[in-house]
Amino acid sequence: MSERLSRALTSRPARTVAAVTVLGALPFYLDAFWLRIGLFSMAAAIGAVGLGLLSGTAGQLSLGHAFFLAVGAYGYVWLAGEPGPGLPTAVAAVLAVLLAGAAGGLFSPVAGRVRGIYLGVATLALVFLGHHVLLTADSVTGGFNGRSVPPLELGGFSFSTDSELTLLGVPFGAEERLWYLGLALFALTWFTARGLLRGRPGRALVALRDSETAAAVMGVNVARHRSAAFVVSSMYAGLAGVMLALSFRRVVPDYFGLVLSVDYLAMIVIGGLGSVAGATAGAVFVTALPLLMTRYADQLPLVAAPGTTGGTVGPTEAARYLYGAAIVLVLLFAPDGLHGLVRRLRTRLRRHRSAPPPTPTTSRTATTSPTPSPAPAAPAKEPTP
Amino acid sequence: MTTFLDNVFNGLALGAVYALVALGFVIIFKASGVMNFAHGSLLLLGGYLTAVLHDDLGFAAALAVAVLVTAAVAGAVDRFLLQAGGPDPHTAHVQTIVTIGVDILILTDLSRRIGGDLLSLGDPWGDSVSGLGPVTVADSRIAAIVVSTLVIAGVFALFRYTSWGLSLRASAEDVEAASLMGVRLVRVRTLAWCLAGALAALAAVFLAAFPAPGLERTTGQIALKAFPAAILGGMASPPGALAGSLLIGMTEALVAGYQSDLHVLGEGFGDVAPYAVMVLVLLVRPTGLFGGKAAVRV
């Protein structure tokens, strides 16, 4: 569904308008559970686009994304809250994003020198050291129990349930309001990332990934671009962290562990490396799947009701099984990710349509929107690390 | 002084066990370019099988079965899931993510079976200790050092003297050339995965033995500490993995041992100290202590 929406976004302005209208109308129809899935997906998509830029386009394997998310989330909470400077929340949000970028910049002595799998494990260190700091620095981070997140206020409008607001008979709570904030931030991410990727910086990064020596010969400043990719990616992560903090309303250290980093890596690979749309699709897949499965797992066969013990499979476990199996299966049948899968389906559809006797296959036309296909969004990317 | 020797000995034993795990990582990485995220659950699988079987079979037979089964599972994961599309080195990053899926599957199942229990592996050392000069050490730790040393020496001999070892080194050097010289890439790779799985199962025994309380569902996470060990030494170098593991084990044991003097750094810094050491080393030597400088031909 959202995958289709994201694909629609990639094409003509008309489609963009349609997508925005649909996404904008959703809070009037969905309940809080679905809106929360949407919020987490949007936050994850922002972060995944950042990681895609770094690992997919620039070819720098990073397992440290959770750390930069944590910097964004905790940065916002500390800057806006008590104890802390107690800045206006909007200022705190912007500063938190910059702080995450600065953290990425501080890591650049390592990021500029270390390559491939070494960089991956070096960034792994960030997650563990960061987690340790989050647990230890009680006064800033609240220690093990974390801190509650002050709601964002923008020009007197609060993104929380503090004030009553009803639009067209629909009560607007925190989820409904944050939904639009998420959409705006995601749109910002989408357009800036595409601009970066299609412009000079993106080309320089791709050249770097394919051959550092060749890129250097062509006049790309290797160390500067490598660190810049890290800083920009960290800023997207910081933005995602702020968004996550606002949606969760409480930040705890254990959330920002290695599992989160690995999830982001899974997002960009499942979505298809090197494309913004792919990263978005992967983010929605990885975020929404476990939540949906946990909610609906008890309706699956062979799953025991929650609370029963004794070696039976509970809903949480069933969700994990399905999640693991989904990762394996998607990559087994679509090694180039969802983005590649969509592209292949589209090509097949086009060939199908141009073939003389058009035998309509219902299943295929149902799964892909019949687009008079525009040029493939981003060129296929060769693997990275 | 005794405390110091105590800590050093702990560090050696810890390092020896990390070396088993790290060596597995390195072998897999050399053979397939994949970073195996499922290594922790393979380790847990080995430990779990030993724990379940030792009542009926006795410790030695249970361990043998566990090692074989874990090796077979590792080999099957590689052969049927990772290499399903052929041994294409260009999809190493995709295969890396597939191992995450595999890890989730195995780990979920084992966690469900183990639950909150602490499983005893029925190892022959129990909680006996021996005096070694001024320090008292657990027998299981001595066993860990001895067994790891022997096994690692055996693995090096495999690399050096068998045709499989030669094939592995050749394919790690240049896949195409190796393939043209008649190296069966698929088989070499799968055997490498089997070997790594066997090493992980063996490591589980020492990780769960005294003074550790037993096998828990979180025991597999220890594999994450082998990441820095492998990296420190240089990912492509098995002797480096050994040196890195000893360094990591030493760091962890010493920091944990002198925790009270280091309280500025916060409680439990011993667990993360290896990562700090690794970042420092990588700042100076970006390809690890023993990693060669890659020459690039333009």
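The backbone N, Cα and C atoms fix where each Cβ goes, and this holds for glycine too.
Listed in TrEMBL for this protein:
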- B:12-29: transmembrane segment (TRANSMEM)
- B:36-53: transmembrane segment (TRANSMEM)
- B:59-77: transmembrane segment (TRANSMEM)
- B:142-161: transmembrane segment (TRANSMEM)
- B:190-210: transmembrane segment (TRANSMEM)
- B:222-248: transmembrane segment (TRANSMEM)
- B:272-292: transmembrane segment (TRANSMEM)
Proximity of the transmembrane segment (B:190-210) to the transmembrane segment (B:272-292), 3+ C-beta pairs under 8 angstroms: no
Which of B:12-29, B:59-77, B:142-161 contacts the transmembrane segment (B:222-248) most, counting Cβ pairs under 8 Å: B:12-29
Chain residues outside the transmembrane segment (B:12-29) and at least six past its termini with a C-beta under 8 angstroms from it: 35-36, 39, 43, 137, 141-142, 144-145, 148-149, 151-152, 155, 168, 192-193, 195-197, 199-200, 202-203, 206-207, 222-223, 225-227, 229-230, 233, 235-238, 240-242, 244-250, 252-253
